[in-house]
Amino acid sequence: MERTTIMTLDFSKPGEAGYQSGFANEFATEALPGALPHARNSPQRAPYGLYAEQFSGTAFTAPRGHNRRSWLYRIRPAAVHRPFELVSGERRIVAEFGDSDDVPPTPPNQLRWDPLPMPAQPTDFVDGWVTMAGNGSAAAMSGCAIHLYAANRSMRERFFYSADGELLIVPQEGRLFIMTELGRLDVEPFEIAVIPRGVRFAVALPDGRARGYVCENFGALLRLPDLGPIGSNGLANPRDFLTPHASYEDREGAFELVAKLNGRLWRADIDHSPFDVVAWHGNYAPYKYDLRHFNTIGSISYDHPDPSIFLVLQSQSDTPGVDAIDFVIFPPRWLAAEDTFRPPWFHRNVASEFMGLVHGVYDAKAEGFVPGGASLHNCMSGHGPDADTFEKASSIDTSKPNKVGDTMAFMFETRTLIRPTRFALDTAQLQANYFECWQGLKKHFNPEQR
């Protein structure tokens, strides 16, 4: 039986509920007037006959500045579903990155991949995932997994959540209409979405197909970096992060709830939509951000600064100044440094770098690194501009600024080794000739000429 639906799952048009502005604010939102209890969290009887449910993303005793939780007022508690059963034969998702059949020895080679092909069969967002690499352990709540997705079907009568970590979703092709328990996010390429650990959601594809990247953060929640001497403004500004208003549906039927726990998928029958949160308040909620709003910082004298100036979000580790995960972007920007090699320089790094490309061309690679593709440069693997880029950048007139336009690249940088999965090392998308882009770098050394 289907009753009045406030929010439809067909996603035939963009959402209308709108957004609240700010990063990790104490939000308060209700889809029915008076649905939020006044001056208390768990009244004896919640308004409209709703259930009060606390949704915790951190320990109860986490310091107040880091404590994340929300109170949800919903038609049924999240506990109302049938028992979960393991989805058999499901091994395309990895959550433990020690040596195993799924994670072979990690080569020190530079690695690069072409985009995943679009599926030949109807495939939704969840079934379109495949794990490319990662580190740490979902069970230990440390590290991350990096997935790619390619899908051509909206999720129908099916809902999903990950208990393993929060999901940083980077669309490359195709819009995503993401319905969550706490409201709706409409996300397009050049935007990102973050779905907190445990939030139930479904994804519709208004353009019929979609492809992109997911960084699943097992550890400390993503946060905005400190700005230090940059000052009180810059990089990703808090006001540009958008969190949905409450919106709900009261819908009954034969549905499937899919849970991801320790890298395995589990399914349960559920007889109602979990998108039944009529009101909520708190600071643990999904959000989106438009990367085109990033306030890019750069040198206006000489040298190319470290890529930490492009940091959007970070997951901190237990070592001050060393992040578990950095999400960095390389957006359109002006380059004005004089007598300077302007592209990213040659580099070896104690951290490990997984890169993707949303749009255009990355300024350190003239060809081969294409939108939807990926690269991995692990700890102490040498990398940098290819031969063509080096020759061009070594001879341009640096008395004049130039604009790097029509681009959007990004990087997931981690403190620990990023281990590619067996799928990533065996797939036909792996570019066996990637190393050749540096073989054309010529010897210019002449001890007789400075």
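Glycine residues also receive a Cβ, built from the backbone N, Cα and C atoms like all the rest.
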Glu353, His383 bind Fe cation per Swiss-Prot; candidate in His347, His359 listed for that same site: His347
For the binding-site residues His347, Glu353, Tyr362, His383, the one whose C-beta sees the most other C-beta atoms within 10 angstroms: Tyr362
Rounded Cα-Cα span from Tyr362 (homogentisate binding site) to His383 (Fe cation binding site), Å: 14
Pairwise Cα distance for Tyr362 (homogentisate binding site)/Glu353 (Fe cation binding site) [Å, integer]: 15
For Tyr362 (homogentisate binding site), the three-state class that DSSP assigns: coil
Cα-Cα distance linking Glu353 (Fe cation binding site) and His304 (active site, proton acceptor), given in Å to the nearest integer: 18
Number of other Cβ atoms within 10 Å of the Cβ of His304 (active site, proton acceptor) across all protein chains: 16
Beyond the site residues His347, Glu353, His383: chain residues whose C-beta lies within 8 Å of the centroid, for Fe cation: Pro344, Arg348, Asn349, His377, Ser381, Gly382, Gly384
